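Read the structure below first, then the notes.
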Amino acid sequence: MKSFVTVCCLSILLGLVAVVESDEDYTEDEEMILSLILQDDTQPEAESRPSAQFYRCTKDAWRMPGQYIVVMRNGTHVNQVERTARRLRAKAAKRGYLIEILQTYSGAFYGFLVKMSSDVLHMAVKLPHVEYIEEDSSVFAQSIPWNLQRILQNKHEPGKYSPPNDGAKVGVYLLDTSVQVTHREIEDRVMVTDFSSVPEEDGVRVHRQASLCDSHGTHIAGVVSGRDSGVARGASVNSVRVLNCQGKGTVSGALAGLEYIQSSLMSQPIRPVVLLLPFVGGFSRTLNAACRKMVESGAVLIAAAGNYNDDACLYSPASEPEVITVGAVNFADQPLSTGTTGTNVGRCVDVFAPGDDIISASSDCSTCFTTKSGTSQAAAHVAGIAAVLLNLSPNSSSAELLQQLRYHSVKQVINPESLPLNHRLTTPNMVVALPDPKSTLTGEDLLCRSVWSERSAAKGFATVTARCRQGEEMLSCSSFSQNGARAGERVEERDGQKECVAVNGNGGQGVFAAARCCTGHKAQCQMLESPKRGEDAECPPDHQLTVLPLQLETYRTLVALYMAAAGHVLLKGVEISCEDSWTLTGCQGLSHGSVIRGAFALGNTCVVHTSGEDKGAAAIATCCRHRLSHQPSDH
């Protein structure tokens, strides 16, 4: 009897194989899966390929082991995504593992989200067309809430909020918790989309009362466009749910939300459009890349810096250079700090905004209000101001909008002593404000900002790079070292984009690169080298020099052309500012015997710091402006 059963089973198996082999209509994918099932494990695969990279969240507590985002290479098609997913399922099944494809992506990037054992990873990284795999991780709402009067520059009507416009031409997508759309503050102003991608709440007993699930999203929506608490009260808000009732989401859910928005914009274009991301997670290459793709498509993305008293560059989407990242300040314009929590800072923060005790809609009832604090609230202020600015200049790019936000901001109000020592130099000292009604700024005005790199390694001749955003032109490059040990800086071009490269000197403690990035000009800049070492490099007759070489006779020429040199003497250095209507496009230092630690722009001022014995130094500022049609050329 035993042998009979064995023979019957074998006969059935052979019969199944015979049926498959005799069927001429099976697909290429079925053939691939069958070959994998029948493959002899003792034989190596015919094709050997390098394994894809694997990434995981830098915060262990936020990791989601067992859930992975598989990112395909550039040029991959949808059918290759599906084929790769099926191939992985077949390989896993052959070894006794079951996997579940939870989501496919084909907008911001091509790939899929898979739930599987970590034991299957070694098979996944060897699949064809896979660029890298990222372990999914959590993202969190950033709430830890004073008056709209703070962002007004028109103070002649105290107690009355009167922005230049209500932002009615602008659409805002809010990626957050659900929203209580019946609240009087946001009723008829918020549309709830049919999208929702959130994880299960933590804990066995979770009460999903609407007042809890809607809390964060309702408050943020009220700050953006609320009737009484909103910044841009005419802007329409579309709610995209990516955070659960506890204010927690996932990187994969945020990616799905971005893909949903991209698909919606393709079917029903909205322009201009702002995407508000009031959450942070650990650094995610995939989330940053998806945000960058959205900016390339014409959207403006605004994100919370995070509430961890930390470097914003360690979190996503705050660390993405194409995203406008917002830190929070309190009523006194100082960095928000509440016990062990507080605003993130550093070079990845673009601007600060009110974020302490912000009054807005409460989900407790349809007429209730509450106060909340955090960089989510700060980011919501910037989204509202962005809507007002885009209502004035609807064709502004994300880079131009950032320049406008910084131009209208209140500068040098944050006490540098309140910032961590290692971030004082690179953290922007500016709090956003609405444009002054008397402002004559247009989209064609020349506006510049400084973009800092991270600090280089301390070894000799280590390099570090600073880059401008898409749509900005790099007009100059400088460097800074705490002890003055620098080996210079240079401008290079890579993949069509200019880079400011700073070089650490022997004995240096690390060097920063500072690129001067500008919008609003129509100049076409190019880099030219001298024919031989030690010789001058000259611009063509129809070009103007924007980056100053360190030669005294050139200073004299540029003094005549551009103004500048010497200026206000500091305790350990010197500074000079461009005059009104002129914009600082370059900043360099000349030593008269002192050690120059570096030169950098602080707003419209060129600052040169020195160290050691003070024997003198000069600050050289390159100041430019558009030539008015009725004025003679004065450069």
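Glycine too: its Cβ is placed from the backbone N, Cα and C atoms.
Copied over from TrEMBL, here are the features:
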type	residues	note
SIGNAL	1-22	signal peptide
DOMAIN	67-139	domain 'Inhibitor I9'
DOMAIN	169-410	domain 'Peptidase S8/S53'
ACT_SITE	D176	active site, charge relay system
ACT_SITE	H216	active site, charge relay system
ACT_SITE	S376	active site, charge relay system
DOMAIN	441-521	domain 'Proprotein convertase subtilisin/kexin type 9 C-terminal'
DOMAIN	573-627	domain 'Proprotein convertase subtilisin/kexin type 9 C-terminal'
Quick one: give me the count of other CB atoms within 10 A of the CB of S376 (active site, charge relay system). 35
Taking DSSP states H, G and I as helix and E and B as strand, how many residues of the domain 'Proprotein convertase subtilisin/kexin type 9 C-terminal' (441-521) are helix, strand and coil? 0 helix, 46 strand, 35 coil
In angstrom units, rounded to an integer, how far apart are the Cα atoms of D176 (active site, charge relay system) and S376 (active site, charge relay system)? 10
Cα-Cα separation of H216 (active site, charge relay system) and S376 (active site, charge relay system), in Å? 9
Taking every residue in the domain 'Proprotein convertase subtilisin/kexin type 9 C-terminal' (573-627), the average pLDDT works out to 80
